[in-house]
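What follows is a short report on a single structure.
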Amino acid sequence: MPGTDKKYKRILLKLSGEALMGDEGFGIDPKVLDRMALEIGQLVGIGIQVGLVIGGGNLFRGASLQKAGLDRVTGDHMGMLATVMNALAMRDALERANIPSRVMSSIPMSGVVDHYDRRKAMRALERAEVVIFSAGTGNPFFTTDSAACLRGIEVEAELVLKATKVDGVYTADPVKDPSATKYDQLSYDEVLNKQLEVMDLTAIVLCRDHKMPLRIFEMEKQGALLNIVNGGDEGTLVVEL
Ligand SMILES: Nc1ncnc2c1ncn2[C@@H]1O[C@H](COP(=O)(O)OP(=O)(O)O)[C@@H](O)[C@H]1O
Ligand SMILES: O=c1ccn([C@@H]2O[C@H](COP(=O)(O)OP(=O)(O)O)[C@@H](O)[C@H]2O)c(=O)[nH]1
């Protein structure tokens, strides 16, 4: 039976906010949410515990708001609140697909979502609930990539997965440089030394210091997630070499 030889028990999946907007220029495309819910449901169905971190780039980014004249910290607060909205939309899609889930926020938001609590999160994961960690790290000047690595390490996930628009880590940004070539595997230090900007450096350093394997893969590719948890070679693996 496909999926029975799964390699991981608990993973942390990071979805970029931009990916949620699908073909729209802003906001959330419910079709994308439904497809992601289905793919996440397949993992839950074969007994894999799934933590989720969702970005906010489809709504607000602190750095962009700063360029438009806002105070950076205010902009980062807006960005973190945007991730809570995305998390609520994802929970809604998971619920519609009958997949048990809960949202936790690094910023207390009583009456809307639970405040992040590591022990509660781990217990929920053990009960096969998808736990969506929202509001990033709760601090300005960080990104949701760092939040994903941080929460992944905290809840003892075995792998952090970054689902993004490109199908792995390249020698240069493949969107800007069509001659860039893809790595199948590379070390944390290679990503740092070569300044490969697929993920922010804080996130890479966190993973390196805690030996957390990281896989970057294409969100649009159907079945990629299931293939990865079954030990398949999608995208690029960043590990200690
Ligand atoms: N060396 C690289 N390999 C792969 N992607 C890269 C690289 N450098 C920059 N990128 C860019 O990083 C993006 C992935 O980051 P992501 O966080 O999903 O996007 P964003 O920062 O726009 O939300 C890709 O869309 C790609 O264009
Ligand atoms: O710990 C965090 C995580 C996120 N953000 C803010 O939230 C925005 C949205 O997150 P991100 O850019 O990581 O989203 P993604 O690119 O994944 O959609 C960021 O630009 C920051 O302004 C923050 O201040 N602290």
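Backbone N, Cα and C define each Cβ position, glycine as well.
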Annotated range (TrEMBL: region 'Involved in allosteric activation by GTP') out of 22-27, 136-141: 22-27
Same-site UMP binder from Asp34, Asp76, Asp117, given that TrEMBL records Gly56, Thr137, Gly138, Asn139, Pro140, Phe141, Phe142, Thr143, Thr144: Asp76
In the chain carrying Thr143 (UMP binding site), residues 6 or more apart in sequence that have Cβ under 8 angstroms from it: Gly55, Gly136, Asp200, Thr202, Ala203
Which listed residue (Gly56, Gly57) has most other Cβ within 10 Å, given these are binding-site residues: Gly56
Cβ under 6 Å from ligand 2: qualifying binding-site residues of Lys14, Gly57, Thr164, Asp173: Gly57
Asn139 (UMP binding site) and Ser16 (ATP binding site), distance between Cα atoms, whole Å: 18
Around the Cβ of Ser16 (ATP binding site), the count of other Cβ atoms that are within 10 Å: 21
Reduced DSSP assignment, Gly57 (ATP binding site): coil
